[in-house]
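Quick look at what TrEMBL lists:
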| type | residues | note |
| --- | --- | --- |
| TRANSMEM | 21-47 | transmembrane segment |
| TRANSMEM | 452-476 | transmembrane segment |
| TRANSMEM | 506-523 | transmembrane segment |
| TRANSMEM | 535-555 | transmembrane segment |
| TRANSMEM | 576-594 | transmembrane segment |
| TRANSMEM | 600-617 | transmembrane segment |
| TRANSMEM | 624-647 | transmembrane segment |
| TRANSMEM | 676-696 | transmembrane segment |
Amino acid sequence: MDEAKTHNNSNKPRPRLLKCLVIQIISHSTFFSVVCFIAGIVALLLLPILAMNTYISENALMPGSANNMLSSNDVTVANKLVKDLTDLKLRSNGSPIESRKLIAQYMLGLDAEVTYHNFYPQLNQFHPLHFFTSPDSSIISKNISCASVGINTVGIIRAPRGDGKEAIVLVTPYNPKKVGSGDALSLGVAYSVFSLLSRVTWLAKDIIWLVADSQHGEYSSVSAWLREYQAPHFHRVVVNSETCNESSTMEGKLHSRFRRAGTMTVALVVKVAEEGNNFDDSLSIYAEASNGQMPNLDLINIVNYLAVHKQRLWMKVSKMESLLGSKWLNTLGVFFESIGQYARRLNPQWKFGIPANEYVEGTATLASSMYYQGLGVPTGPHGAFRDYQIDAITVEVSPKVSPTKMNRHIDFILRFGRLIEGVVRSVNNLLEKFHHSYFLYLMTGPSKFVSVGYYMIPFALLAAPLPIVAASLHVFSSKTTSQAPGASEVDASLESWKWIYSARKVFVIHLWGVAISVLPYFLCQIPGLTPTTNLTVWGSLAVLSLVILYSILGYPTSVAVASGAEKREWVNLKSVTLTAVSIGLCLMSIINFATAEIGALLIVPFCLMARPLMLDIQARSMRTLLLATLNLALGFIAFPPAAFFLLKSAFGYSDGYNISDYWNWMESLWAWNSATYLYIGMVHLPCWALCIHVLFHSC
């Protein structure tokens with residue numbers, strides 16, 4: 001019997017350690033918040049040290065395993081194309097139609113399927129329903145003329161060993177009205193590879209060469225062709241057909257209908273810079289697409305491996321140039337380097353720390369990668385492919401000498417062409433889409449990256465105090481209500497539900513944020529407004545609508561309160577606001593992590609520190625006055641326009657302060673359907689306004 005009792009007691013649940021731990025954390029929320037925030041900043045600064053070397057995850061790629069087949073004959077013909085385009089530009093009677101015909105003739109000489117794709121410039125205007133969707137192809141510019149019609153030239157090679165279900169895309173943007181030396185060289189490089197692929201026997205995927213007409217922008221021409229390829233529409237605009245069709249008549253050899261190949265697996269945008277770098281031939285990779293989307297890391301790894309180990313090109317990645325000369329960052333790098341040296345003396349197997357100069361470059365590259373991902377705007381025409389879940393990058397070669405002064409076109413085309421050939425050959429080996437390597441990462445160098453498992457740690461540490469402090473404030477408000485003198489159980493129960501009024505206020509302010517986000521749509525309908533006028537009207541309407549909203553709902557920003565419960569109203573309001581910030585940041589981290597990380601750095605300190613200034617003024621101590629000053633400073637930094645100009649100055653992009661720059665920046669965000677615009681209008685700005693409300697609450 002005793003044994004049975006002992007057995008039953010052993011099966012009883014042990015004390016709820018997790019519950020006790022949560023209670024302790026909530027009761028010490030201030031200490032927990034300070035520790036987590038400092039740890040988040042330290043973890044963010046440690047990311048360049050935790051970066052890993054890139055490696056190829058997909059074994060089938062086998063980059064560089066085969067000898068290059070691109071010959072001097074291919075390069076010679078490609079160089080002739082470059083010369084023909086250059087000579088055509090120098091002729092007085094040279095026209096865009098002639099350059100298109102010339103490119104099409106060279107394609108036809110390789111027995112490729114050649115066709116023209118006509119597209120029309122689209123209106124680049126804000127529309128609230130266009131977020132997270134493809135632009136409406138029926139929205140085109142008014143007063144269409146033949147001079148504004150864009151014409152892409154497309155050539156397709158059918159794979160001799162393929163079934164037509166997959167394709168690789170090569171893209172070369174060029175402006176037929178102004179063909180630069182760099183554009184002509186990029187066309188020569190693409191043609192040399194296209195010529196080789198037209199006769200090889202190992203090709204298992206169709207090859208599409210898209211010569212994108214970039215007179216209306218590189219992205220728009222590629223995007224228009226992709227829309228027709230993926231989702232054809234039957235809306236047509238007929239204007240001056242006799243004149244516009246002049247470019248389509250060439251001995252009847254061109255296909256009159258839109259031609260397609262298989263499902264696109266990879267796209268490479270090939271470009272040559274117009275200016276030389278006076279150092280050596282270098283290769284830059286641009287991978288950021290809309291809303292922080294990145295291609296599979298294996299695609300970047302292939303290009304990096306072939307460029308460095310096969311073609312001896314100098315790899316370049318985008319860096320925040322202002323951080324390279326930062327003294328505090330160099331001092332921090334020296335500090336981490338000394339810690340690493342000390343750790344290795346204790347245990348040689350501990351590999352912590354990197355050289356100070358490498359840390360500075362890694363941090364500058366990481367900041368650039370996070371900035372461009374957080375911006376949510378594609379860094380090149382490759383972004384159009386990522387909208388259809390197609391892995392794509394832009395590779396741009398900066399020659400040592402400017403293309404206009406270059407005398408070694410053949411050597412340059414051969415070197416760059418063999419790089420593209422190697423990438424195509426590796427991708428041709430794939431039996432399925434890229435999936436082994438990472439899609440979520442930040443670059444810290446040409447061959448170093450930080451994976452999602454590491455870069456989520458700083459964000460988690462920064463956001464962790466928000467729900468904890470919210471719970472602590474709710475518990476504090478409930479205890480204060482229940483311990484009030486003369487308070488009955490019914491009164492305490494009613495007071496415990498006061499947070500609902502705060503939740504309603506938070507909800508209404510977020511609806512105000514939605515309305516503010518939609519306002520630019522109506523401002524864009526008014527012709528003749530300058531950016532400064534637009535921003536002034538936008539800001540005035542935002543403030544006016546907020547004042548009207550408070551007056552209608554009976555929530556003035558400052559009222560004379562009498563009861564203790566009303567004096568504690570700011571506690572519930574801050575608690576609900578912190579919950580809203582936590583939810584907004586977590587949702588944003590799913591859409592675009594970089595935006596959530598930057599937003600957390602700006603808004604979290606202000607939300608955690610916000611408290612009525614009246615309390616600090618009434619205390620009249622040096623500590624409270626410093627606290628009030630800190631709150632005002634954090635509120636100024638977290639204000640979106642102020643944060644924009646501060647970050648612009650900190651990253652070295654300040655070329656003077658013009659208020660219209662903020663409107664232009666916001667306009668670029670909504671024009672590219674960036675989710676960062678939604679975050680600023682629907683999460684950051686409403687929560688900032690609520691914290692300002694807490695800051696100026698009358699107690």
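Positions of Cβ are set from backbone N, Cα and C atoms, glycine also.
Counting Cβ pairs under 8 Å that are 6 or more residues apart, the transmembrane segment (506-523) and the transmembrane segment (676-696) reach 3 or more and are in contact. Sequence-distant neighbours of the transmembrane segment (535-555) (same chain, 6+ residues past either end, Cβ-Cβ under 8 Å): 505, 508-509, 512, 515-516, 519-520, 523, 529, 659-660, 662-663, 689. Counting only same-chain residues 6+ beyond the ends of the transmembrane segment (624-647), those with a CB under 8 A from a CB of the stretch are 602-603, 605-606, 609-611, 613, 615-617, 654, 657, 661-662, 665, 680, 684-685, 688, 691-692, 695. Away from its own ends, the transmembrane segment (576-594) comes close to residues 291-292, 369-371, 373-374, 376, 440, 442, 452, 455-456, 459, 463, 466-467, 469-470, 473, 499, 502-503, 505-506, 510, 600, 603-604, 607-608, 675-676, 679, 682-684, 686-687, 690-691, 694 of its chain (Cβ-Cβ under 8 Å, at least six residues beyond either end).
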